[in-house]
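Peer 1: One structure follows; several queries about it will come next.
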Amino acid sequence: MSGEHTLLSTEIVNRGIEASGPDAGSPTFSVRVRRRLPDFLQSVNLKYVKLGYHYLISHAVYLATIPVLVVVFSAEVGSLSREELWRKMWEETSYDLATVLAFFSVLAFTIAVYFMSKPRPIYLVDFACYRPSDDLKFSQCTGLHRYVLCFSQASNAEFIEMARKSGKFDEESLAFQSRILKSSGIGDETYVPKSIFSTGNCATMKEGRAEASMAMFSALDELFDKCRVRPKDVGVLVVNCSLFNPTPSLSAMIVNHYKMRGNILSYNLGGMGCSAGIIALDLARDMLQANPSSYAVVVSTEAVSFTWYTGRNRSMLIPNCFFRMGCSAVLLSNRRRDFRRAKYRLEDIVRTHKGADDRSFRYPSTFAVASFTLMMVSMLRPVSDVLITYWGCDLFLRCVYQEEDDQRIKGLSISRDLMEVGGHALKANITTLGPLVLPFSEQLLFFATLLHRHVFSKSADSTNAAASKPYIPDYKLAFEHFCIHAASKAVLDALQKNLELEDRHMEASRAALHRFGNTSSSSIWYELAYLEAKGRVRGGDRVWQIAFGSGFKCNSAVWKAMRRVRRPNLNPWLNCVDRYPVGR
């Protein structure tokens, strides 16, 4: 139980006096129990370190063999003078035609096997992010926009007022959403579909198709224009959208709209949450490795109308405050001739799935919270003297879960344990990623202190154990830029503290959250677009994209800039990037 207590924080709220009833005049208060992000300094699982080194060794055996061969060959040749070396090669050695041919045949075969077995480099030619035009006002919509309308100048106060006019929320639910918005880190220029404020049902197939079509086609039009690539040239198409999965699929909609070729390899990923963008990248990479000289397009989006909830369950009202419209389209290539025009090269992808852990999926866990609350209350006053409200004793560790409430209204439930569950997934992911990206000096310090802690922790007392914290590597030495999924201000604050990042490392994530909100799986691309709009990406810079979502999953992608990225002419941050960072 002591280990569980370290993950909980308590707060006394709603102090007062019971006004009526048999306990009138008794002091009352509520104890709010929350789970916090686990401290990475206290717990590092050795199996994830092993997994990271396994990835490193399995992909880089030649790093151990080539230096040995070079040293042996250099020592042998270095002991001979030029005349002695020439004499041994040509005068003291006799060659016949069969020997020479056999030697060159083996050499050619070895080189051919090496290049055939070596994974093809995957290049990011360019990408595009959807931004609705600012002239899409309330009455200026025709055609496709007749069903989906985005506004760019509506403040959070106007957002609440429009929700009130829709007649779908009571005042208590509106007040709760207003409080969430004030501390969300989201600004006054985000985009939502008009349909969510209508009096009827917004989560219809017609509204969903219209919303997805507008976002996807706008992003793809910009992508094909920037890359000067015809849709028929694309050999692999991967689309991910978590909650909206119609038939025919979104990928089929794209194939039909752009009249793509008949043998295209198309995939549609659904229900995989905000981290699905990197999962789609991983799938596209595998397809490109199996299909030489091909293009792959990855489209990441989410249908806000299908995350909109109109009931009274507070955990299901939270997505209303954060999720906003967004879409990204990425063009990948394994063609060697794209080396010169590509912006980035894909270095590594590390995926972590905690779905086998019941706490990361759905099963209830109330005992720890209830017992800890009782312990805290008993330390304050005798239980018989106070009236206690347990905020969270019926807690379900379902993290992120789509379901119906008591009134059978469908919505996306966000658990109060999201921080704790996500923290464990993040810890496992970055521990696995470390050996692949960190400098050798950081790996050596980390491994030595971790080994010392595991060897001596059993015999050491609690004081010595606290003093032997594992050395947490400095990930700022491995990456120049960080694109962390802009889930919420609280999540970004917790990650910045635990990873010991500076404000400049979090600038892109905070700016994306403020300007566009939580755009789900496409948020990491809005952040990279921000870095490009600021002109900060230079040749050789390493970019870390990390996203987390339902399941629970945490995924990382590492890119290396091929050249200095100039400020693009087409970018979602045009005309607003100079206003960021906020409050500078």
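Each Cβ is built from the backbone N, Cα and C atoms, and glycine gets one as well.
Annotations per TrEMBL:
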- Cys274: active site (ACT_SITE)
- His353: active site (ACT_SITE)
- His481: active site (ACT_SITE)
- His485: active site (ACT_SITE)
- His514: active site (ACT_SITE)
- Asn518: active site (ACT_SITE)
- 114-362: domain 'FAE' (DOMAIN)
- 397-454: domain 'FAE' (DOMAIN)
- 480-560: domain 'Beta-ketoacyl-[acyl-carrier-protein] synthase III C-terminal' (DOMAIN)
- 55-75: transmembrane segment (TRANSMEM)
- 95-115: transmembrane segment (TRANSMEM)
Peer 1: Have a look at the active-site residues His481, His514, Asn518 and say which one has the shortest Cα distance to Cys274 (active site).
Peer 2: Asn518
Peer 1: If you draw a 10 Å sphere on the Cβ of His481 (active site), how many other Cβ atoms land inside?
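Peer 2: Around His481 (active site), other Cβ atoms within 10 Å: 22.
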Peer 1: Measuring CB to CB from Asn518 (active site), give everything in the same chain under 8 Å that is also at least six residues away in sequence.
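Peer 2: Once residues fewer than 6 apart are set aside, Asn518 (active site) is near Ile186, Cys274, Phe322, Phe323, Arg324, Ala486, Ala487, Ser488.
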Peer 1: Using Cβ-Cβ distances, find the residues under 8 Å from His485 (active site) that belong to the same chain and are at least 6 apart in sequence, listing them in sequence order.
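Peer 2: Correct list: Cys274, Ser275, Ser509, Ser523, Ile524, Ile546, Ala547, Phe548, Gly549.
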Peer 1: Between His481 (active site) and His514 (active site), how far is it from one CA atom to the other, in Å?
Peer 2: 19
Peer 1: Given the active-site residues His353, His514, which one is most crowded in terms of C-beta atoms within 10 angstroms?
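Peer 2: By the 10 Å Cβ neighbour count, His514 comes out on top.
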